[in-house]
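Novice: Before I ask anything, let me first share the structure, which is written out below as structure tokens.
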Amino acid sequence: MRSRQRMFAAVMRLLLKCLRLGRRRRFKLVRQVEQLWHYGHLCLRSLLYNSFTNGDVVLDSLFEPVYWLVDHVTRWFGVVFVALVIGLTSSIVAIVYICLLPLILQTYTPAWICWHLAYGHWNLIMIVFHYYMAITTSPGHPPQAKNDLTGVSICRKCIAPKPARTHHCSICNRCVLKMDHHCPWLNNCVGHYNHRYFFSFCLFMTMGCIYCSISGWEMFRDAYAAIERMKLLEKERLQVAANQTYYQTPPPTFSFRQRAFHKSVVYLWVLCSSVALALGALTLWHAALITRGETSIERHINRKERQRLQKKGKVSRAHGTGAGWGRARCDAPLSVLQVFRNPYSYGSWDNWKVFLGVDVPRHWLTRVLLPSPHLPHGTGLSWDLPPCVTEQRAPLLAI
């Protein structure tokens with residue numbers, strides 16, 4: 001009897017001990033979850049508790065993985081994009097020479113033949129020249145050693161002098177003089193020494209695509225109608241063949257050469273029209289930036305700086321297009337504020353002359369309408385007044 005009581009007491013003690021251990025473990029797990037929750041909440045509050053945090057900072061943080069992916073993928077896909085540009089352009093040129101040029105020589109008048117031959121080959125030469133120069137020309141890089149340049153900062157990634165208008169390219173992993181952007185279609189940065197080549201390529205490529213789209217509109221309509229007839233006759237031929245023996249099947253109505261011709265014309269028109277719309281929009285955007293004397297990066301920086309100074313009440317909401325800082329009256333009485341202006345702008349007309357390197361009137365022919373490897377004004381390290389500027393810049397006033 002006593003042995004049974006002892007055994008029962010031992011079993012009960014064992015059960016109580018197991019219950020205590022399970023309860024302790026459960027309480028320990030709950031405490032760990034609570035600690036992790038409080039730690040995560042504290043980290044989140046510490047990250048968000050920043051007087052400089054705004055919607056743009058949060059958006060940049062969310063897009064940081066996308067930026068990392070673009071930086072690492074674009075570096076390897078640049079060669080693929082260049083090969084794609086060369087391949088598509090070569091296919092269009094081949095179709096023009098093989099399919100369209102013989103038709104033009106047979107059906108057009110001598111005057112139109114001369115026009116198409118002259119304009120088409122001039123446009124092609126300008127496209128090939130500027131694309132080759134944009135790819136092979138270095139955009140320009142600042143010197144790594146210290147020099148006598150004034151007003152330069154230090155790049156946090158290169159740990160080297162960083163002149164004005166210079167920015168670091170995360171894809172090339174170098175600082176670029178007057179950097180506009182990194183173009184994967186060039187596999188190169190667009191900067192001080194090849195910015196003109198890049199814009200000229202975009203302009204002449206857009207002109208060439210518009211020329212092909214307009215000139216080949218009638219051919220495209222005829223080719224598209226012919227392809228539709230091919231499909232209809234093919235369907236009828238298959239229906240007839242289903243009711244006949246194999247040796248009685250009628251031969252195809254259109255030959256392989258005719259099919260290839262019509263499909264090539266449709267391919268040419270669709271590709272040229274698509275590129276004209278997409279590249280034309282990009283060309284207009286860069287033309288607007290050149291008119292204001294800005295790059296793509298400076299456009300973003302100037303807009304942010306203008307908004308920051310407007311919030312502080314140091315500049316008016318008038319948008320200046322000239323250079324330096326001007327003076328303008330705001331709505332409040334007896335208060336004079338500064339107008340934010342781009343300090344590297346010389347005026348719309350002079351901005352184009354500086355960008356294209358036009359010093360004298362004949363340069364519009366020799367440097368703009370004809371292939372020219374001339375260098376841009378300045379070295380990209382300092383920004384003195386070019387000799388082609390007709391008016392002096394307004395002084396840069398301090399706020």
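Positions of Cβ are set from backbone N, Cα and C atoms, glycine also.
If you look up TrEMBL, you'll see 153-300 marked as domain 'Palmitoyltransferase DHHC'. What TrEMBL records for 76-100, 112-133, 197-220, 265-288 is transmembrane segment.
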Novice: Can you tell me how the residues of the domain 'Palmitoyltransferase DHHC' (153-300) break down into helix, strand and coil by DSSP?
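Specialist: When I sort the residues of the domain 'Palmitoyltransferase DHHC' (153-300) into the three classes, I find 92 helix, 16 strand, 40 coil.
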Novice: How about long-range neighbours of the transmembrane segment (112-133): same chain, 6 or more residues beyond its ends, C-beta under 8 Å?
Specialist: 85, 89, 93, 96, 104-105, 186, 194, 197-198, 200-201, 204-205, 207-208, 211, 215, 371, 373
Novice: What else in the chain is close to the transmembrane segment (197-220), if you only count residues 6 or more beyond its ends and a Cβ gap under 8 Å?
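Specialist: Sequence-distant neighbours of the transmembrane segment (197-220): 92, 96, 100, 103, 116, 119-120, 123-124, 126-127, 130-131, 133-134, 137, 180, 183, 186, 190, 265-266, 268-269, 272-273, 275-276, 279-280, 282-283, 286-287, 290, 355.
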